[in-house]
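Trainee: Here's a structure for you.
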Amino acid sequence: MNIDQENERNQSYIETLGKELFEKIQNSKVLVVGAGGIGCELLKNLVLSGFKNIEIIDLDTIDLSNLNRQFLFRKQHIGMSKAKIARETVLKYNPNVNIIAHHGDIKTTDFGPQFFKRFDLVMNALDNLSARRHVNRVCLSVDVPLIESGTAGYLGQVTVIKKGETECFECQPTATPKEYAVCTIRSNPSAPIHCIVWAKMLFGRLFGVADESNAVTDMDDNLVQGDPEKPETVVRDTQLATEKAKGYKQWVFHKIFYTDIDKLSRMKEMWKDKSPPKPLLLDSQLNNGDNSNNTTTTTNGESNHQLKDQKLWSLHENITMFLECLDRLKERNEKDGSLTWDKDDEWSMNFVTAASNIRSSIFGIPMKSKFDVKSMAGNIIPAIATTNAVIGGLIVMEAIKVIDGRLKQCNSTYLFKLPSRKRLLLTSTLDKPNPNCYVCSPQNISLKVNTQKTTVLQLVNDILKKNLSFSQPILTVGNDILYEGGDEDLSTEEIEMRKNNEKKVMADYRLSDQVLLKVEDYIQDFQVSILICHSDEMKEQGSGSIKKEEEDKWFQIIGKAEPSAPVQTQPVQSIANPSATSTIMDTDDIEIVEQISTDASTYSKTTTSVSASKKRKEMDQPSEDIEVSKKLKQHNE
Amino acid sequence: MSQTTGTDTEKYDRQLRLWGEEGQARLEKSSICLLNGTATGAETLKNLVLPGIGAFTIVDNQKVAESDLGNNFFVERQSLGQNRSKVVCELLRELNDRVKGSSVEEDPIHLINTNISFFKDFNLVIANRIPEEPLLTLSQYLYENNIALVVVNSYGFIGYLRLSVPEHQVIESKPDTPMDDLRISEPFKELEDYANSINLESLNSQQHSHIAYVLLLIKFFNAWKSTHGGKLPETRPEKEEFKKFFISKSRNYKDELNFNEGVTNLLKAFQPSRVPSDVDQILKDPKTSELTENSDDFWVLAAALKSFVEEHKKLPLHGNVPDMTADTLGFIKLQNIYQDKANEDLSDLTGRVESILSKIGKDTIPQEYIKKFCKNARFLHLARYRSLNEERTQPRTQVITGELEQPDNLMVFYIVLRAVDKFFTLYNRYPGFNDEDIDSDQSLLKNIVNQLLSELQIPTDLVKDDYVNEFTRYGASELHNIASLMGGITSQEIIKLITHQYIPLNNTYIFNGINSTGANWKL
């Protein structure tokens, strides 16, 4: 392309932006994190707005369900790298730009602070909380401005983050993901979601990586009543062995829908106020033939079900489907090794639908259609082209201001569903950093915990990684490194030693009261000092009372913003707070806090993370959090 | 209704969760016409082709130019000089093989002036960069034929969107936070009887803490009424007093979640169920009493609803019971009570519909549709958009002036855009299009702005010269980013119109890209 052509092409930009700014744009280097719905729009807009040096990263591959909005992809691209195809498609239309595509995980050492330093601006087009927090921390550490964005259905949001000048992504609290007590899941379900979570656990138990903490069932245990120590009290289900001899699917069905249920139904204490679950025998169910119009209907029986997936299966259909799933998944398991549950995999989804519905039927809970189960199991957030287009456009408006050094004029913008009064977009100025933010202000935090009861592993996994979003924490007390994550630099002995240390309770590993613990993360280039405060009052993890709100109170972090303040008293910025919009984004993770074991007398203390798929999936948006839409709405009015 | 196949269900999964299969079927039946395949037009269509409208047609006689390559994603270098409608159409079709696309190589203005009936079979027409006169011709034709018109333009950093539909009915307006329809303060007989049948004193503590709060409130409202002359708490102090009374009835307020829920929902529970004003307006609409065999199903249903409300003084019960603390059996019982009553109301309404149908000699209405209407009776919405001609012949001067008097208002852009239209009509080019004319164009445009303001009887000093100069500087340029953003906003409103879900904006929207602000008014 010659100069004249290029000038003619860019005429509009030069006229409206001015030559100087347009050159700044052309010379800038920018990073786009995420090549999903927003990422596609963003890449297109950047290229057609004069940006010439762009890198884009995404670890995901293209899925059929992306094609209703991620317009740089076609059917023939399914299974390929999003970042790479996005680059190819854009270059086809605009060969004169430099785009580098990375098919990889932004949270790994390949993309540490050195990588980020190369850019004048980073733009997040991400879906999940942990990656967003990670990018936030790295951008703060290398002082590169970050534009943060998200969409959910018709809602969307864009904001700008700059070290020392604006709020960072973690200045405002985010709600924690929904949690269910293990006893509810395992023994006492009362809603469809409980059975769905159970079915996902069962999937992991049967076909996933062996995981001791997955307590959903013990396949060979046929004890249904009594204490094994006192043989005279014991009742066993001898039928289990017979079924096992018949074959795999007979065995599994009998175990989970007969033996386990039989055992539960014998716990008279639990069924004082409601009818006990009824064990199902496979043979009698199959002989029953088609008992369609079975017992239950959906709670929300309003819509006219026309789609196959929206039809409610009868109990008999669920059983047939469940057995077929067992066959198919077992075969795949034997061929490919352990399976990871994926909402977009047909048979994984059929399995969870059928298994959860059979269990629901046993407990007298309404069954759900596959479509609805998918929503709940996959935590699916609606996503459409229109919202992404608006958000993609808004990001570039902010990007131009950042590149032009006009940070003061940058805004936070929210897109609403319904134009109320005069607003479809709500724009507000950027807030100052929260001086109490442990991420962007140098700040110590305190951890109140029972150091006699909490293990090092719980500290690392549940507190440091899950709650404080460290990727690979290194724990130091004084000059001694106590704990180092990641396996790359460690010898087998060191890993072995680490495993032993993980089992210790904190107090036995120098992490006792009033110790100042330094936690560092090299990938995030982030560190924080934590003062450990022992408290006898803090419960053991998972031993909280049955009341929902107390489930997660086994540790407390002081000095970190906590989600609690009522909406009305919040300032504008936090009502429509980006982090609030982006709460339940680790979509495949449903955390289970184990409370009481089925035998009410013993307390157990495992935490199971039903993490179906740890990979960041395609979602380009935070969740349609009802709270958020409420908050947005309230503000809008 | 067209059946989406398995693969499409999967491809459309994320949007089906937003507008459901009925919304999708409506989209798939729609046929949309775009006048001018500019960046703004193409980006709007892109967001409609992706979710799967039925068909689109692009009318455009321009050739792909270098400037299109600079701002339009749906043209390619090798298509330079080719007809733009054809090129954009082909590239858009690649996005979704289920969508039919066609192109008409003709000047849209010529088409409007010579063959206006060309537009009669579309559901919706998107007009981009159509001068005022032919636009008004088109608008009038579409309005008379009950076809939606969407005007969208991007001009420098400014975006303009205008919707116009003679009558738009929304059954599923899907409010963000719909109130539960529980009738606590005025329970129907079956509900009240059930509440009365529960003897709280006889329950053990487990049972006591698992009586649904709805029932608790009904019981204690009755208890209150019996000592307060049959009246519910009305004033604030009375309500506070009731709250204390209610809490005092709990055996252990800290642990009885059902009592906690009662207190949380107390304010809502005091509200009697009323007919919302939007719905009331529909019921009062003359169309409900002027039914003929040609009346829409919507109006037949509205008439039936009107007679229902006249008799029962309430809308039909929704029937849904939100999750609340209760024992399973009790909850199911409660659900059944509400559901039975809702079904009773539905058959009452259906009966009224049938008698109206037989009176006016109209065919039956599908039961599903009646049911949907009944369930959404509280959220019905009707909009009659002002036409573009009305906007000009009966301008909303007060609204415009009121806005112009505000600091940093966006109405100035509306005025200047109107003036730019007139400029184009007069000089057959946009102001500032030629660099050498910028200075003279500024004063020409300023004159037109002043003239327009005087016509509207608005003081001319309300539009500063800066805005006129800014627009002249834009020289009609279309920035991709603004085009894309306006395409997003426009297609979103079009989807609301086509699916008849959610309430679309009414009727004019201005976006200012300089500070990412927008405003909408009924003009």
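One-based numbering along the chain as shown.
Cβ atoms are placed via backbone N, Cα and C, with glycine included.
Source: prediction; values computed, not measured.
So TrEMBL lists these for the protein:
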ACT_SITE  A:C183  active site, glycyl thioester intermediate
BINDING   A:34-39, A:D58, A:66-69, A:K82, A:127-132  ATP binding site
BINDING   A:C168, A:C171, A:C437, A:C440  Zn(2+) binding site
COMPBIAS  A:287-304  compositional bias 'Low complexity'
COMPBIAS  A:601-612  compositional bias 'Low complexity'
COMPBIAS  A:627-637  compositional bias 'Basic and acidic residues'
DOMAIN    A:14-438  domain 'THIF-type NAD/FAD binding fold'
DOMAIN    A:300-374  domain 'Ubiquitin-activating enzyme SCCH'
DOMAIN    A:447-538  domain 'Ubiquitin/SUMO-activating enzyme ubiquitin-like'
REGION    A:275-305  region 'Disordered'
REGION    A:597-637  region 'Disordered'
Trainee: Within 8 Å of the centroid of the Cβ atoms of A:C168, A:C171, A:C437, A:C440, which other residues of that chain place their own Cβ, given that this set defines the recorded Zn(2+) site?
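Mentor: Apart from the listed residues, the neighbours are A:L140, A:E167, A:F169, A:E170, A:P433, A:N434, A:V439, A:S441.
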Trainee: Rounded to a whole number, how many Å is the Cα of A:D127 (ATP binding site) away from the Cα of A:C168 (Zn(2+) binding site)?
Mentor: 17
Trainee: Hey, how far is A:G34 (ATP binding site) from the residue listed as 'active site, glycyl thioester intermediate', Cα to Cα, in Å?
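Mentor: Cα-Cα, rounded: 38 Å.
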Trainee: In the structure shown, which of the recorded positions A:C171, A:C183, A:C440 has the fewest Cβ neighbours within 10 Å?
Mentor: A:C183
Trainee: Taking only the recorded positions A:D58, A:N68, A:S130, A:C183, which one has a CA atom nearest to the CA atom of A:C168 (Zn(2+) binding site)?
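Mentor: In terms of Cα distance, A:C168 (Zn(2+) binding site) lies closest to A:S130.
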Trainee: Looking at the domain 'Ubiquitin-activating enzyme SCCH' (A:300-374) alone, can you tell me the average pLDDT?
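Mentor: Across the domain 'Ubiquitin-activating enzyme SCCH' (A:300-374), the average pLDDT comes out at 85.
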Trainee: Measuring CB to CB from A:N68 (ATP binding site), give everything in the same chain under 8 Å that is also at least six residues away in sequence.
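Mentor: Result: A:A383, A:I384, A:A385.
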Trainee: How many neighbouring Cβ atoms, not counting its own, are there within 10 Å of the Cβ of A:G37 (ATP binding site)?
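Mentor: For A:G37 (ATP binding site), the 10 Å Cβ neighbour count is 29.
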Trainee: Spatially, and counting Cα to Cα, which of the recorded positions is closest to A:C440 (Zn(2+) binding site)? Options: A:G37, A:D58, A:S130, A:C183.
Mentor: A:S130
Trainee: Report, in sequence order, every one of the binding-site residues (A:G34, A:N68, A:D127, A:S130, A:C168) having a CB within less than 8 angstroms of a CB belonging to chain B; if no such residue exists, report 'none'.
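Mentor: Sorted by position along the sequence, the hits are A:N68.
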Trainee: Going by Cα-Cα distance, which of the recorded positions (A:C171, A:C183, A:C437) sits nearest to A:G37 (ATP binding site)?
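Mentor: The answer is A:C171.
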Trainee: Work out how many Å separate A:C183 (active site, glycyl thioester intermediate) and A:D58 (ATP binding site) at their Cα atoms, rounded off.
Mentor: 38
Trainee: If one measures from the C-alpha of A:S130 (ATP binding site) to the C-alpha of A:C437 (Zn(2+) binding site), what distance in angstrom results, rounded to a whole number?
Mentor: 17
Trainee: For the domain 'Ubiquitin/SUMO-activating enzyme ubiquitin-like' (A:447-538), what does DSSP give as the number of helix, strand and coil residues?
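Mentor: The composition, in the requested order, is 28 helix, 29 strand, 35 coil.
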Trainee: If I take the alpha carbons of A:D58 (ATP binding site) and A:C171 (Zn(2+) binding site), what is the distance between them in whole Å?
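Mentor: Counting only the Cα atoms, the answer is 26 Å.
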Trainee: Using a 10 Å cut-off, grab the number of neighbouring Cβ atoms around the Cβ of A:C437 (Zn(2+) binding site), all chains included.
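Mentor: I get 19 for this one.
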Trainee: Let's check the environment of A:D127 (ATP binding site): how many other CB atoms sit within 10 Å of its CB?
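Mentor: Its Cβ shell of radius 10 Å holds 29 other Cβ atoms.
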Trainee: Across all chains shown, how many C-beta atoms besides its own are within 10 angstroms of the C-beta of A:D58 (ATP binding site)?
Mentor: 29
